[in-house]
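Asks: Features from TrEMBL:
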TRANSMEM  145-166  transmembrane segment
TRANSMEM  178-197  transmembrane segment
TRANSMEM  203-223  transmembrane segment
TRANSMEM  228-246  transmembrane segment
TRANSMEM  252-272  transmembrane segment
TRANSMEM  292-308  transmembrane segment
TRANSMEM  314-331  transmembrane segment
TRANSMEM  351-371  transmembrane segment
TRANSMEM  383-400  transmembrane segment
TRANSMEM  407-425  transmembrane segment
TRANSMEM  431-451  transmembrane segment
Amino acid sequence: MSGPMELQPGGPQQDTLALRLADDRTLALRLPDHGPDRDAVDRLAAELADRIGPAVHPYEVAALLESEGLTAEVIQERYGHPHLFSLAATLFERVPRTFPEPAKPADPWRPDHVRCALRGALFALPGLAYLLTGRLWQADRHTHVLIVAGLVSWAWGQALGHRAYLRMTTGRREAGRTLLKGAPLGAVVATAAGALVAGPGPAALVAAAQSAYLAAAGVLLVLGRERLLLAALTPLIAGAAVLPWWEPGTALRAGLPLLALLGTVAAAGWALRSTLAAVPVPGGTRPRLLRSLPYGLFGLAAGALVLLEGRQEPYAVIVLTVSMGPAEWLLYRYRGLSVAALRATATPAGFLLRSAGVLALCLFAYLLPLLPAALLTDAEPTPLLLLAATLWTALLLQAFGVAWTPAGVCLAAAGGAAAITLFHLPPGTEVLSLCCGAAALCLAACALRLLGRPAPHA
């Protein structure tokens, strides 16, 4: 009683003796050529084999034939079957069963290749301003001013960016309001920090310009306006491009970076204006400020580690800055590959093994291009690679919402390396490699422990 009904007489339920009406199966005398046309049925089976094979019951074949527009007259005249269900049952028996794999779903973490490459370039392009303006304000004597202001801007920008992304889940207008309040305040705080170190003079003005640019650029990057930021930096790019062949003079050396700064600030204001024009979302709750604190601390620690590397190998910092674009791309690829590994495994141990392989693959793909880049710039590759591994693994944990662990590990590494460097303690110049190596190992172990489970990727 629980099985499906047969589509035509002759099924197993009629194995017992029963009184039946005469039909084509019981007639002794049959008209010639009244049976099914086997050749026509074979041709139809060949045409529809790819769709009949996965069927689990003749009902599905009957529905397929109906969707193909086969009428009762066509079935009787062309194929010699009395009705649709007879032809469906014959096709179901004739075509072997197939079990096709389901289509692979689209990668939900597919990265935007152009956007990631552009962001990597945008992280490094502001350095062209120092090529143009360095001789105007004695950059060699006041580098520490920009370092202090830059560290404050970096830490503030990381925390503000995280808070803006949290508000973005409520609405773009709410994120815009957060950026409108936080970005100018961050620029003021960074400028004040630089001015305290420099005192009045050109260095303080340069620190203020740097702080204003970093605040405005952070707004554009959070809102996804990378191309607008690139357009604003066009005067700076043009001025730096002609330096090997032409001396632009003092006016252009100062004016082109100033024009790029004004363009960036104007672009950020325009982007915020369009964002604030969005419809407000009622009932949105503001996240606690404490949630963004570890991201700011990580920005401070990362900036300190990069500056310690820059003291020994200035060109390595340029390489590392440009690599942030590919690093972001690999964060997306890690998530996509982890989802694929989750679909391909059936046990937690199997997923842990695949997760370790995905982590190793992404780290290798990130670090491999940095090796020839370090050699081309005559930089020592070991500290650069270990620092890059530390930063990428920390960013990976942050991408999954794990914030305090990478912040604490990076702060410990930066504090230890800075203290040993400041007081000239052993092991001297090798301290950055040792601190970053230990931090990278700790962060990799945390990543395997926390991300080697299926739950974070489900």
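Backbone N, Cα and C define each Cβ position, glycine as well.
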Asks: Can the transmembrane segment (351-371) be said to touch the transmembrane segment (228-246) if we require at least 3 CB pairs below 8 Å and skip pairs under 6 apart in sequence?
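Replies: Answer no, regions not in contact.
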Asks: Any chance you could find the range in 145-166, 203-223, 314-331, 407-425 with the most Cβ pairs under 8 Å to the transmembrane segment (292-308)?
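Replies: Per the Cβ count, the answer is 145-166.
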Asks: What stretch of 314-331, 383-400, 407-425 shows the most Cβ pairs under 8 Å to the transmembrane segment (431-451)?
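Replies: Against the transmembrane segment (431-451), the leading stretch is 383-400.
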Asks: Using a threshold of three or more Cβ pairs below 8 Å, and leaving out pairs closer than 6 in sequence, do the transmembrane segment (383-400) and the transmembrane segment (314-331) count as in contact?
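Replies: Between the transmembrane segment (383-400) and the transmembrane segment (314-331), which are separate recorded stretches, there is contact, as judged by 3 or more close Cβ pairs.
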